[in-house]
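Here is what Swiss-Prot records for this protein:
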type	residues	note
ACT_SITE	D222	active site, proton donor
ACT_SITE	H245	active site
REPEAT	208-229	repeat 'PbH1 2'
REPEAT	231-251	repeat 'PbH1 3'
REPEAT	260-283	repeat 'PbH1 4'
REPEAT	293-314	repeat 'PbH1 5'
SIGNAL	1-19	signal peptide
Amino acid sequence: MTFGKAAFLSFSLFGASWAGPSRTLQARAVCTPKAGGSSSIDDVPAIVKSISACGDGGTIVFPEDSTYYLNSVLDLAGCSGCELQVEGLLKFASDTDYWNGRTAMINVKNIDGLTIRSLTGSGVIDGNGQNAYDRFAEDSSYDRPTPLYITGGGDIKVSNFRLKNAPNVFVSVKGGTTNAVFSDMRLDATSKSENLPKNTDGFDIGESTYVTISGTTVSNNDDCVAFKPGCNYLTVTDITCTGSHGLSVGSLGKSSDDIVQNVRVEGATMISSTKAAGIKTYPSGGDHGLSTVTNVTWKDITIQNCDYAIQIQSCYGEDEEYCETNPGDAVFSGIAFEGFSGTTSSKYDPVTGNLNCGEDGKCDVSVVDYSVKAPSGGAAENLTVTTYKNRCLCQARSV
């Protein structure tokens, strides 16, 4: 009897002390940085303090109708698995002396699980680039920063806010970044002076894998999306680009061997751009390297007043005399321009596209379902491109 009681008591104590897993999820920590309320007060330290408190899986909120003045680089170090909820205005200082030579305005380095978004769509990040446009017009050596500079890390989501007046490239992704998604963004650069907002690429996608851009509009004065060396598995869908240099590979091969591969663009509207889609590679010789472009497709592209619908430049950055001696050796494999329609500008009328493959390279390029018109003529035939020595082998003409 004594043994039985002891056993029962032991079991009862064990049962009383054991607790099952909790069904209650812990709430994310939420921080709202205190804004200084004046452009003379740098709000970056307050934001960094909030990241320190809430950056590990929490949320940092910039409320609607609030203004934060960022007079120095905002480094998001420590923001792991966290969210920046931008409903108000983040405005960078226009001090060109401070920004000269600095790479990033918002620095995202080796961060995993970062989300930057606006729930309301009212959020704005203002690069305040007018002074940079004016200074660069006077001094082309002026070294301008990029508002959102991402190197390394992964599982990054950026969505549903406006990024305006970047001094330089709007968004840069490189350094082995993987799984980055940009959606429902609005990027625009406008100068109030005669000095254009030069080099304001919308997105520069360099060394990275599995980057997606969708539902986005870009109005700028350079590439809408540039596929830079090391770009691999990039998808761009439902994008509208105005005033740009196109959805472009390159430039590649300036001083090293460069590769871009596995890119798909589908569903783009290109308005008043120098070209809608294209490739830019340096020729052979000198310090130039080998350019390799593999498995890149542009599909269902609508042209509105673009100078060229499609363009391949295999003698980029050098003059014709140089390229006669050093014809292009770029390797193009599995390149497809599919389903292009619309009307070009009158700049090259009746020519609507210019495809130039170098003699010493490979030119596996196809153009199908091409119905782009020049202002003076009808639709062009489908085209297939092969190599020819440093000449425009194949021009898409209205017929």
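From the backbone N, Cα and C atoms, a Cβ is placed for every residue, glycine too.
Taking every listed stretch (208-229, 231-251, 260-283) in turn, the largest tally of C-beta pairs under 8 A with the repeat 'PbH1 5' (293-314) is reached by 260-283. Of the recorded residues, H245 (active site) and the residue listed as 'active site, proton donor' place their C-alpha atoms 5 Å from one another. Taking each Cβ in turn and tallying the other Cβ atoms within 10 Å, the top scorer among the active-site residues D222, H245 is D222. Across the repeat 'PbH1 3' (231-251), DSSP helix (H, G, I), strand (E, B) and coil residues number 0 helix, 17 strand, 4 coil. Mean model confidence for the repeat 'PbH1 5' (293-314) is a pLDDT of 97. Listed as Cβ neighbours of the repeat 'PbH1 2' (208-229) (distance under 8 Å, sequence separation of 6 or more from its ends, same chain) are residues 169-170, 173-190, 196-202, 235-250, 252, 256, 258-260, 263, 265, 270, 273, 296.
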